[in-house]
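Colleague: Pasting a structure here, questions to come.
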Amino acid sequence: MAKRTFSNLETFLIFLLVMMSAITVALLSLLFITSGTIENHKDLGGHFFSTTQSSPATQGSTATQRSTATQHSTATQSSTATQTSPVTSTPEPPLFQNFSGYHIGVGRADCTGQVADINLMGYGKAGQNAQGILTRLYSRAFIMAEPDGSNRTVFVSIDIGMVSQRLRLEVLNRLQSKYGSLYRRDNVILSGTHTHSGPAGYFQYTVFVIASEGFSNQTFQHMVTGILKSIDIAHTNMKPGKIFINKGNVDGVQINRSPYSYLQNPQSERARYSSNTDKEMIVLKMVDLNGGDLGLISWFAIHPVSMNNSNHLVNSDNVGYASYLLEQEKNKGYLPGQGPFVAAFASSNLGDVSPNILGPRCINTGESCDNANSTCPIGGPSMCIAKGPGQDMFDSTQIIGRAMYQRAKAKTCKPALGYSFAAGTIDGVGGLNFTQGKTEGDPFWDTIRDQILGKPSEEIKECQKPKPILLHTGELSKPHPWHPDIVDVQIITLGSLAITAIPGEFTTMSGRRLREAVQAEFASHGMRNMTVVISGLCNVYTHYITTYEEYQAQRYEAASTIYGPHTLSAYIQLFRNLAKAIATDMVANLSRGPEPPFFKQLIVPLIPNIVDRAPKGRTFGDVLQPAKPEYRVGEVAEVIFVGANPKNSVQNQTHQTFLTVEKYEATSTSWQIVCNDASWETRFYWHKGLLGLSNATVEWHIPDTAQPGIYRIRYFGHNRKQEILKPAVILSFEGTSPAFEVVTT
């Protein structure tokens, strides 16, 4: 490549950008305490394993290791282990032992967090802040144990983008404080569904803190509380039952969004599969001894990006809608988020799998942009967007979610991000004019990087080849490390089912290779016919994991494989070690590995808290625009209220919803709630104005099942009030619309 020279204009622009960036960094540094203070949260040591027999499954076990990511092609392991004693111990519920099966507990709790003034986590799009709510986010916990209480395992699926290491450490610390040695690092899996429409702000590593526009302790604490509450409920509700495994293909809901990378894999390997995506869904069904449904976990490879990067409403996307449908079916008579049956649609090897099955097209010309660089002749990569099967993103979310629901009824480098990371994907392009498939850097951006962050070392550049390094995160440590270098790997077995807890997003072929390697390892030690599940985005987030061959193409997923081209090989080695330890009853001999850090001081949120104000002559909750007097099914009832910032309600929940739709029952002369903000047919929009003024719009998309009658819409909120020289106070309020009628057509 010829050496590039810069014009006077380009030189001036570079200088201006560097100066602006330096000022920004200086201002941000004021928000940090950069002393490097670290607090290690330690959990109980000791892995356990038992060969207790049960039916229909025969064996349960857990195995966990921490690996240290280094610049080499294999992950090193620490030979030291740390043990601590529990602070307190909560007694276990009494367990019956004379039965064949498992003790099973399920629980669900709200973990929504902020729905305004916080960035949505997933697309990395500047300005995509939360401005309301479409559906609530939930933590769904499942606890399974042998009849005598041994081999207890916990799997938690959470409606968030991914599980941060900080989140996992805090949850484990609080579990230890409450339950002692019962729930530990080695028998608890936390898995994010990977919705791209949940709040950010719960990370400690600098890359994610910057992407989140700061650390939001408010949202972090609400997530932790919701996860713990779901586990508490499952713990309390444990009862004898049975577990069944089923498999089946789901067709017509996914495409491979990086087919050119997939084609880099050996043809002999690709020939073994009929598709460039994994279509198999694995379902774990839990019932009591009478056959009554308790819960369900489904693993299926699909990105929850049916809601695109123009969305500003907090929601759980297509997998959350599948959970919503199944839980509503099983919990008849309950509002969403309530009822005993719990259904989780968990993530799997979704790295290169998109639900936007119409594929990428240039939004300005309509022509296909399904090419190696995902770019359009006019407008470049920003014009190349993939779309789902529906008329809009709401419709697409329902179509994909319903298909999943219906089927369920039935050694590494130091971390670094490549140029294609900034390009985004066909599901959500980046904000700058980067393209996918770049295997060479750009002098302009290299200069900017070098001036602000310093130059990457020759060692990391050589190790990461052919990735051109945009951000050498593994060599950046201020104010804290930018990426984790201690990563958990974990397997939990339930009879013939092995759940591999993956700390990132595996591509289709990466998942297949890992699954086959783990199955082969089990089989070589006598545990044949094991069903291996890839459970993605567990315990800590490390971006993507591609195959070595896919890495060479350097599309988005490869550029985001932060530990280099041999990342998958390292993971396969570690998971094979865990499988061997389980199969040979040597789990207790596994090294615990080093403890990850728990940073005390992080960037504060960049959006300040301000006092809410109502328009002159109005109060919070007043109706600014009432509903029409009459509606028919299929129409949208809309009411606009004087609003206040919804983030005030996160830790001051006088009500557990921002809205209700209520029907007047003449026989009881009372209003009955028919739906709330967790219902799919409602939408809550918050419109931020100037100087603390805001409006709240509540929509009810009247479903075909709505009964004729008199209805009203209510709005619940909290406003922030502060007088001079006094601390701020949070006050609750509510508003009620005039009644309106729903009539038959």
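Each residue's number is its place along the chain shown, starting with 1.
Using the three backbone atoms N, Cα and C, a Cβ is placed for every residue, glycine included.
Feature table excerpt (TrEMBL):
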{"type": "TRANSMEM", "residues": "12-33", "note": "transmembrane segment"}
{"type": "REGION", "residues": "49-92", "note": "region 'Disordered'"}
{"type": "COMPBIAS", "residues": "57-90", "note": "compositional bias 'Low complexity'"}
{"type": "DOMAIN", "residues": "102-409", "note": "domain 'Neutral/alkaline non-lysosomal ceramidase N-terminal'"}
{"type": "BINDING", "residues": "H194, H303, E505, Y544", "note": "Zn(2+) binding site"}
{"type": "ACT_SITE", "residues": "S354", "note": "active site, nucleophile"}
{"type": "DOMAIN", "residues": "575-742", "note": "domain 'Neutral/alkaline non-lysosomal ceramidase C-terminal'"}
Colleague: Within 10 Å of S354 (active site, nucleophile) (Cα to Cα), which of the binding-site residues H194, H303, E505, Y544 do you find?
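Modeller: Those near S354 (active site, nucleophile) - Cα within 10 Å - are H303, in sequence order.
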Colleague: Summarise the model confidence on the domain 'Neutral/alkaline non-lysosomal ceramidase C-terminal' (575-742) as a single mean pLDDT, whole number.
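Modeller: Average per-residue pLDDT within the domain 'Neutral/alkaline non-lysosomal ceramidase C-terminal' (575-742): 94.
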Colleague: Including all protein chains displayed, how many Cβ atoms other than that of H194 (Zn(2+) binding site) lie within 10 Å of its Cβ?
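Modeller: Summing over all protein chains shown, H194 (Zn(2+) binding site) has 27 other Cβ atoms within 10 Å.
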Colleague: Take the mean position of the Cβ atoms of H194, H303, E505, Y544, the recorded Zn(2+) site. Which other residues of that chain put their Cβ within 8 Å of it?
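Modeller: Other same-chain residues with Cβ inside the cutoff are S347, L350, G351, V353, G504, G536, L537.
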Colleague: In the structure shown, which of the recorded positions S354, E505 has the fewest other Cβ atoms within 10 Å?
Modeller: S354
Colleague: Other than its own, how many Cβ atoms are within 10 Å of the Cβ belonging to Y544 (Zn(2+) binding site)?
Modeller: 24
